[in-house]
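Everything on this sheet refers to the single structure shown next.
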Amino acid sequence: MKQMDVERTKSVSFWCSIRVAVAFVGFLGMVAHYSQKISVGIALVCMVNHSAIATPQNSLSKTLAPTNLNCPVLSNAAKIEGPYPWSKNIQGIVLGGYFWGYLITEVPGGYLAGRYGARFIFGGAMIIAGLFSVVMPWGASIHWGVIWFLRLIVGLAHGVIWPSMAVIMSHWAPPNERGKLVGFMNAGAQIGNVVTLSIGGLMCSWDFAGGWPLIYYSTGILGFVWGIFWIIFYADSPRDQRCISNSEKEYILHETQQQLSNHSKNEFQAPWKAILTSPACWALFAVHTCNNWGTYTFLTSIPKYMAEVLKFDIKSNGFLSSLPYIMFWFNINLSGAIADALIRKKKLTRTQTRKVFNVLGNLFPAIFVIGLAFMTCEIKYVAVALLTIGVTFTGCCYGGGFMLTANDIAPAYAGIIFGISNTFATLPGILSPYVVGALTERDSNNWRYVFFICAVIYVIGMVVFLLIGSGDVQPWAVKDADKSTIPEAVPLAEPVPTASSKPLDEP
């Protein structure tokens, strides 16, 4: 049987295949998704009139270190002043609005994608988000509460995306290829960060259309166009794909049917009690949430940190803010390949592999984040290096760690489990901007406390997963009538490096 599986795999092309095309189009979708998600972070730097909300000098003089006097803001940064005198607390509320919506639709999105497929769920979400992104400059001109509401709607739409990704890969990624396909598809999130932070910083300095509104226009149109293309191109199962060859169709269905054949859309019912009482699930929820605290802190606040503490001008700010995500993207693919090899060659079990990569993806970011707490603008490039290395190591969680755990422990319910996990993991996106705004409102030196908090939370998530985390299929994830097949299913999946999962939380 194993020899037949090997021969079947060799007879089906990988690079010239529809499954790779699905992953590539999904990759572009994640680029569009995260370009919209992060747009407000870079745009706020240009939208806000910083002179109007500047803290009086007498209150700063008591706290700022003398070395900061040697770090003047560059002349071209002083020219970027937006029309809105929004305080840091208001900025935090605007940043957090997205995540209130994102929080609500995670679990429903996972259930709907699992039962009805991800074609219209994913595509429709991007179309809706694109339309509401385009009108954000108009909303901001009315009141900050309007742009908060528009971001809420975009968050509601985006909340279904990561659970949909888990469902897509459950149907399209053969177990022995999931590391490559999932890693590549999810890495689009980091490319979205890179593109938006880099180009967004440049757009702010343009005179055309006011500069910063171009960030919302471009990301909104990109998502809208992609959503239409996805609905035309994607099929929820290889059975329904018009362009796929018979050999590839049979190969994908054969490789995935043991996990999915007994959980058809018509009879799909999740074992909610088992999920909510499973230590393996709660380990995933904990490490995902804690890791996302650091991820969302950087995702929403790196541009502000670059401007306020390191004193970079807006053009340098955009490029240097994106640098960590370039390395993040690279490490997702590298760590995914290494994790695949460790499991395939039986150097480590799947559970051991997930724990090792979660340690790498949480402990090292915690260490480098602590280093950031002692940086000043006089050694700004050292701070950028620490930030880049810390964010880079987070990619270990995405390529070989907890981002793959939902499919490891319950492949048939990956969408729902990841939806629950991402619901918890969205809370940091709501809380972190408030914490950053409250701590740094009157004293930019309080950024060090932001980093100390991140480090502690990173370590908590790592420890919880080390104690109770798992990478093995859970007994409750297989129907009672099919438990006799578990001994056959597990060995077949054993050489599999990964099982489909997120996300990339983002995001």
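Cβ coordinates come from backbone N, Cα and C, glycine included.
Note: TrEMBL annotation is automatic and uncurated.
Small disclaimer: the values here were computed from a predicted structure and weren't measured.
The transmembrane segment annotation in TrEMBL falls on one of the ranges 93-114, 181-202, 269-290, namely 181-202.
Same-chain residues lying 6 or more positions outside the transmembrane segment (146-169) and placing a CB less than 8 Å from one of its CB atoms are 22, 26, 29-30, 33, 36-37, 40, 93-94, 97-110, 112-114, 117-118, 121-122, 124-126, 128-129, 132-133, 135-136, 139-140, 178, 181-182, 185-186, 406-407, 414-416, 418-419, 422, 426, 500-507. For the transmembrane segment (12-32), the partner stretch with the most Cβ pairs below 8 Å, chosen from 120-140, 181-202, 355-375, 381-405, 447-469, is 181-202.
Stretch with the most C-beta contacts under 8 angstroms to the transmembrane segment (322-343), considering only 120-140, 181-202, 355-375, 381-405, 447-469: 381-405. In this chain, the transmembrane segment (447-469) lies out of contact with the transmembrane segment (181-202); the count of Cβ pairs under 8 Å, excluding pairs fewer than 6 apart in sequence, is fewer than 3.
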